[in-house]
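Colleague: Swiss-Prot lists these features:
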{"type": "BINDING", "residues": "G82, N113", "note": "anthranilate 1 binding site"}
{"type": "BINDING", "residues": "G82, 85-86, T90, 92-95, 110-118", "note": "5-phospho-alpha-D-ribose 1-diphosphate binding site"}
{"type": "BINDING", "residues": "S94, E228", "note": "Mg(2+) 1 binding site"}
{"type": "BINDING", "residues": "R168", "note": "anthranilate 2 binding site"}
{"type": "BINDING", "residues": "D227, E228", "note": "Mg(2+) 2 binding site"}
Amino acid sequence: MIINDAIKKLALREELTEDEVRGVINQIMKGEATSSQIGGFLVGLRVNGETPRQILGAVKAIRDNGVKVEIENTEHLIDTCGTGGDGSKTFNISTAVAIVAASGGAKVAKHGNRAVSSKSGCADVLVELGINIDFDEIQSKKIIEENGMAFLFAPKYNGAMKNVSKERKELGIRTIFNLLGPLANPAPITGQLMGVYDGALLKDIGEVLLNLGLKRAMIVHGDDGLDEITITTSTSICEVKDGKIKNYKLDPEKLGFKKATLDDIKGGEAKENAEIIIKILKGERGPKRDIVVLNSGAALYVANLVDSIEDGIKKASELIDSRAAYKKYEELSSLQVIV
């Protein structure tokens, strides 16, 4: 299907199929659509409401055009990321979580970018932490397999996304592309901890991850708006496990955490956030550590390294207290040139 036909269907409130969306996104990724066509298509999808099958088709199209990180042993291979856009101004929680999870045996393919709506994106804080974000697919494969975590810089691996960057910026609204970054990991991950900016997305993203073949995944949305498992209130969770989906609430107090406020977990610029992460990895206690431990417990769970989130929380605490997590950070920051 060509993009003009898709726009006509959307204008008539007709639903596009997975294959139709995949075809149109492929056309866009190849630079074969005009700005007007791209804008019309994205707005049409948004107004009609993107379905799980349409999101799945778009993810497959991004992967069709991206660079792949070929990892044979996918056991314990995960990503920890969020859609962003929650406006919370927290520090880079999922980045700290990735390091803790890697220290506990997870293989983390951390897919991300620089800041869009926040002061500090994942790439920004990793640079401040001294962790190389520029490895290619061969180097990243080696690092993930041998050291447990590599950062897959989105523009390097999904460069064709640049074909919609201008239109997305000009539209100034959330589109299907706000969801695609966390879903289009270049590595064949089997587990994922993914935060979303809107609780209405939980079930749909759960269906997408199920259809992508993930063994374990948790899609999370704090009831305070956070795209993480929060410690200020409960969190709504959609869990994918063994081919099934279940939805539930998670209360931090029932897991042994003291409730905090959003101000307690606020961050700042990339340099400040890097300092926060290092302090946590060195054992500093408080709400910032608590939210990292809680989410790290979930990451270890989706990596299939523990049988429950409770066991994951216990293991994450031990990894920080034993300095294993900080040692993993030192190891990762020492990897500057890989041949």
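The backbone N, Cα and C atoms fix where each Cβ goes, and this holds for glycine too.
Describe the structural context of each listed feature in the structure shown, including burial, neighbouring residues and relevant distances.
Modeller: Cβ neighbours within 10 Å of G82 (anthranilate 1 binding site), excluding its own Cβ and spanning all shown chains: 23. DSSP assigns G82 (anthranilate 1 binding site) to a strand segment in the three-state reduction.
All protein chains shown were included, and the count of other CB atoms within 10 Å of the CB of N113 (anthranilate 1 binding site) stands at 20.
Taking the Cβ of E228 (Mg(2+) 1 binding site) as reference, residues of its chain lying under 8 Å away and at least six apart in sequence are, in sequence order, G82, T90, I93, S94, G195, V220, G222, T235, I291, N295. DSSP gives E228 (Mg(2+) 1 binding site) a coil state; it is part of no helix or strand.
According to DSSP, R168 (anthranilate 2 binding site) is assigned to a helical segment.
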Colleague: Inside 10 Å of the Cβ of D227 (Mg(2+) 2 binding site), count up the other Cβ atoms and send me the figure.
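Modeller: Summing over all protein chains shown, D227 (Mg(2+) 2 binding site) has 27 other Cβ atoms within 10 Å.
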Colleague: Could you find out if DSSP has H111 (5-phospho-alpha-D-ribose 1-diphosphate binding site) as helix, strand or coil?
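Modeller: Going by the DSSP assignment, H111 (5-phospho-alpha-D-ribose 1-diphosphate binding site) falls within a strand, counted as strand.
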Colleague: Look at the binding-site residues T90, S94 and tell me which residue has the greatest number of other C-beta atoms within 10 angstroms of its C-beta.
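Modeller: Selected residue: S94.
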Colleague: Highest CB neighbour count within 10 A among the binding-site residues H111, R114, R168?
Modeller: H111
Colleague: Can you tell me how far the Cα of D227 (Mg(2+) 2 binding site) sits from the Cα of H111 (5-phospho-alpha-D-ribose 1-diphosphate binding site), in Å?
Modeller: 16
Colleague: At the Cα level, what's the spacing in Å between N113 (anthranilate 1 binding site) and R168 (anthranilate 2 binding site), rounded?
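Modeller: Between the Cα atoms of N113 (anthranilate 1 binding site) and R168 (anthranilate 2 binding site), the distance comes to 16 Å.
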